[in-house]
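For 57-170, the entry in TrEMBL reads domain 'Epoxide hydrolase N-terminal'. Sequence annotations record features per position, and here TrEMBL assigns active site, nucleophile to D236. What TrEMBL records for Y382 is active site, proton donor. Feature annotation from TrEMBL assigns active site, proton acceptor to H439.
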Amino acid sequence: MANIWVRFLVGGLALLAAIGYKNYLDLHAPGKRPDLDNKAFWGPKSRESVKEATVILPFDISVKPEIIEDLKNQLSRPLKAQEPLEGVGFEYGFNSKELAKVVKYWRDTYLANWDKREQYLKKFDHFRTEIQGLQIHFIHAKPTQVKGQAPKKVLPLLLMHGWPGTVREFYDFIPLLTTPSDKSDYVFEVIAPSLPGYGWSQGSSKTGFGVAQVAVVMRNLMLRLGFEKFLVQGGDWGSLIGSNLASLFPENVLGYHSNMCTNNSPLASIKLVLASVFPSWFVDSQYSDFYKGLGDLFGTILEEMGYAHIQASKPDTIGNALIDNPVGLASYILEKFSTWTNTEYRKLPDGGLTKRFTYDQLLDNVMIYYVTNSITTSMRLYSESMITKQMSLNVDSLPIQAKAGCTHFINEITHVPEAALTNKFPNLVHNTHHRDGGHFPAFELPQQLYEDFVAFVKKADL
C-alpha cells in the first residue's frame with residue numbers, strides 16, 4: 001500500500017512540475033507582433049485628404065519678440081506663493097522660496113540675455129518634415145573627421161528624450177557623439193527629434209497615439225532621412241519608444257542602448273517579485289544597493305508618481321492650469337530635475353537644482369515648453385500609453401533581437417535587474433552600473449553616458 005502512495009506522490013509532483021514547466025514556457029514564449037498601421041494618419045481631420053509633403057526643410061526656432069515681452073510682464077507680477085512649512089525643503093514639492101529665486105533670475109538675468117540663449121539653442125541644424133500627418137521637428141548633427149587620421153566608422157543614431165525633457169538635454173551630449181575620439185572607433189550621425197507633441201513637433205489630433213504608434217512615426221522619420229538601419233538610445237519615454245521600435249522593426253535597428261531599460265512582461269514581473277524575496281538569486285551583491293525591492297518601488301510610486309496618474313487620467317486639466325502660467329510651468333517641470341536627479345535632494349531648501357545644472361540649462365528646457373505651448377500635448381502621451389488598448393498590444397512580449405545595452409545610474413528612480421531583462425533582451429551584451437547620476441544622464445553626466453554608449457557599440461561589434 002505504501003508503494004502505491006509513493007507512486008501517487010511522485011506522479012503528482014511530476015504532473016505539477018510538467019504544468020509549471022509548461023506555464024514557464026508559455027510565459028517565456030515570444031508574443032505576436034501586433035498589426036499596426038504604419039501609415040496611420042494622426043493629423044487633423046481637415047488634412048486627411050491632403051497628400052503628405054515628404055520634403056525636409058530647415059526649421060527656424062526663433063521666438064517672436066512679443067512672446068518674450070509678454071513673458072517678462074507675467075514674471076513681473078507679484079509672486080503669491082505660500083511660504084513653505086518650517087524645516088521643509090522639496091518634500092512637499094517645489095519650495096516657494098527657491099521658486100522666487102528662479103523667477104527673479106528668469107526675469108532679470110535669463111530674459112535680459114535672451115538673444116544669447118536663443119542663439120545657443122540654434123547651435124545645431126534644426127529641420128521639420130511631415131510624418132503621418134504630423135510636423136516632426138528634429139536636430140540633425142553630422143559627424144566630423146580629423147584630417148591626417150584614419151576615418152572613423154559612421155553609424156546613424158536615433159536619440160530620444162522623455163518628459164519633462166526636450167532636445168535641450170542633448171546639447172552637451174551630441175558633440176561628444178559627432179566628434180572623433182580616441183575612446184571609440186566610431187562617430188555618429190545623430191537624429192534627435194522632439195517627440196510628437198513636445199517642443200516644435202506637432203501633437204496628434206486623434207486618440208490612440210501611444211508609445212507603439214510614436215515608435216512607428218520615429219521609424220518612419222529615420223526612413224524618410226534615408227537610414228534603413230540605425231542605433232537607438234533613449235531614456236524615460238525615449239527608452240520605451242525605442243524599445244517598442246526595436247521590438248516592432250528588428251530589420252531597422254542595429255542596436256538598442258538605454259539608461260532606463262524596462263521589461264513589463266509577465267515573466268519579468270514574476271522575477272521582480274522573487275528578487276524582492278530572494279535578492280541574492282537575481283542580483284549581484286556588489287550592486288545590491290541599486291535594487292531595493294518592491295517595497296521601495298511602491299514607496300517611490302506613492303511619493304513620486306502622482307504626476308503620472310494625473311497625466312494618465314486628466315492631462316488636459318493640468319495642462320490648462322499651466323497654459324500662460326510660466327511660474328506654475330517652471331515649478332511643475334523643474335521639481336522633477338530635483339527629485340529625479342537624486343531623491344535625497346528633496347531634503348534641501350533649494351532642491352539641489354544647481355548641484356548638477358545651471359539655471360540657464362534648466363530654463364532653456366522650460367522655455368521650449370513655454371514658447372511652443374506644448375505642455376498639454378506632451379502629457380497626453382501618458383493617457384494614450386497607460387490604457388488597456390495600448391497594453392493589449394503586448395509589445396513587451398516581443399524580444400528585441402538587436403544587440404542591446406543597459407546602463408544604470410544609481411539615482412535613477414528605479415532599476416530592473418539583469419535577470420528580469422533577459423527575456424526582453426536576449427542579446428544583452430552590455431549591462432553596467434554607475435555610482436553617480438540620475439534620471440537625466442545626457443544632461444547631467446554627458447561624458448559618462450558617452451563612454452558607456454561607445455563601450456556598448458564596441459561590444460556589439462557593429
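Yeah, the Cβs are placed from backbone N, Cα and C, and that goes for glycine too.
Residues of the domain 'Epoxide hydrolase N-terminal' (57-170) grouped by DSSP class, helix first, strand second and coil last, total 41 helix, 24 strand, 49 coil. Other C-beta atoms found within 10 angstroms of the C-beta of H439 (active site, proton acceptor) number 22, with every protein chain shown included. Confidence in the domain 'Epoxide hydrolase N-terminal' (57-170), given as mean pLDDT, stands at 96.
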